[in-house]
Amino acid sequence: MNIAAKPPLTIRLCGPRGFCAGVDRAIQIVVLALKSYGAPVYVRHEIVHNRYVVEGLEAKGAVFVEELDEIPAEHRAQPVVFSAHGVPKSVPEDAASRNLFYLDATCPLVSKVHKQAMRHNRLGRHVVLIGHAGHPEVIGTMGQLPEGSVSLIETIEDADAYAPADPDNLGYVTQTTLSVDDTAGVIARLQQRFPNLTAPAADSICYATTNRQEVVKQAAPGCDLFIIVGAPNSSNSKRLVEVALRAGAKKSILVQRAAELDWDEIGAISTLGLSAGASAPEVIVNEIIEAFRARFDARVELAETVQETENFLVNRELRSIELTAADMAFVNG
């Protein structure tokens, strides 16, 4: 097919998109640990929720486990990395009891939520955590506090049904990757029911989640299709699909790789929105664009709201190790 025969397509490419500072830092920690200590480096849980990233790190020598007892005795001297989502307090305690050397890749913004929750608890408040049951970040945050001192609220319906023992002594925090609008609704309902509910000192939803949702909102109206690059277990990616639909996209889908695209289902479109969750690498965004260019006379327009400059330092033990562009080429291209 020659270019003249290809139907025209405008791709609204969202910015910011893809990796946030916390994800970048977590991946860098694994890469630098491999350079410093050699393979294998063990990682408890997926370092970030993206199979492409996980498989790329496995190819470099990382070994992913769900529990510390999966690490063979002969490799106990090798480092184990905790994922960006954070872990309960019991996990580093377990690592110490096994004489494991661990590197914590918890996102600093997740650690901030841990501190907010602990402050509520220290001041005698029962903690209300707004988040999704079973998500590793929620498990990690709940695991910072004594059992029974945290209540999980997922929806407005949960907020309506919530019956705390002491309704005048509550403090809330949220998962960092939630829908900004949905969370605002849940908080408003809780505040309506419990006027003395104490907010955290700073917003728990992270800058990257907010920024990616905001630009998708702006780009979605008029889009025949909105593609979010991300994994099905990525909370922030799934929220972007919902945001695109609510903001006016006719259809929105979550895609991990270009090979997943169903061209018969996509059909005839003239405007495509494209963004990526905070754990999705730029190489996959480029892969998606090239797949559309092969079938359409595609023109890319940048839809940008803000430029992100945040950068989080890696663990002190790794800061003397040089990180090169080649080290990160598997995700950055």
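Placed from the backbone N, Cα and C atoms, the Cβ positions cover glycine too.
Annotation for Glu137 (active site, proton donor): same-chain Cβ neighbours under 8 Å, separated by at least 6 residues, are His85, Gly86, Val110, Gly131, Gln175, Thr176, Thr177, Ser235. Positions annotated as active site, proton donor by Swiss-Prot: Glu137.
Residues or ranges marked as [4Fe-4S] cluster binding site in Swiss-Prot (evidence: sequence analysis): Cys20, Cys107, Cys206. DSSP assigns Cys20 ([4Fe-4S] cluster binding site) to coil in the three-state reduction, outside any helix or strand.
Every protein chain considered, the tally of other Cβ atoms within 10 Å of the Cβ of Ser279 ((2E)-4-hydroxy-3-methylbut-2-enyl diphosphate binding site) stands at 31. What Swiss-Prot lists as (2E)-4-hydroxy-3-methylbut-2-enyl diphosphate binding site is His49, His85, His135, Thr176, Ser234, Ser235, Asn236, Ser279, and the listing cites sequence analysis.
Look at Swiss-Prot and you will find His49, His85, His135, Ser234, Ser235, Asn236, Ser279 tagged as dimethylallyl diphosphate binding site, backed by sequence analysis.
The feature isopentenyl diphosphate binding site is assigned by Swiss-Prot to His49, His85, His135, Ser234, Ser235, Asn236, Ser279, with sequence analysis given as support. Following the DSSP three-state reduction, the secondary structure of Ser279 ((2E)-4-hydroxy-3-methylbut-2-enyl diphosphate binding site) is coil.
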Please identify which of Cys20, Cys107, Cys206 has the densest Cβ environment, defined as other Cβ atoms within 10 Å, among these binding-site residues.
Cys20
Could you tell me the C-alpha distance between Asn236 ((2E)-4-hydroxy-3-methylbut-2-enyl diphosphate binding site) and Cys20 ([4Fe-4S] cluster binding site) in angstrom, no decimals?
11
Sequence gap of 6 or more, Cβ distance under 8 Å: name the residues on the same chain that satisfy this around His49 ((2E)-4-hydroxy-3-methylbut-2-enyl diphosphate binding site), in order along the sequence.
Gly230, Ala231, Asn233, Ser234, Ser235, Ser237, Ser279
For Glu137 (active site, proton donor), which DSSP three-state class applies?
helix
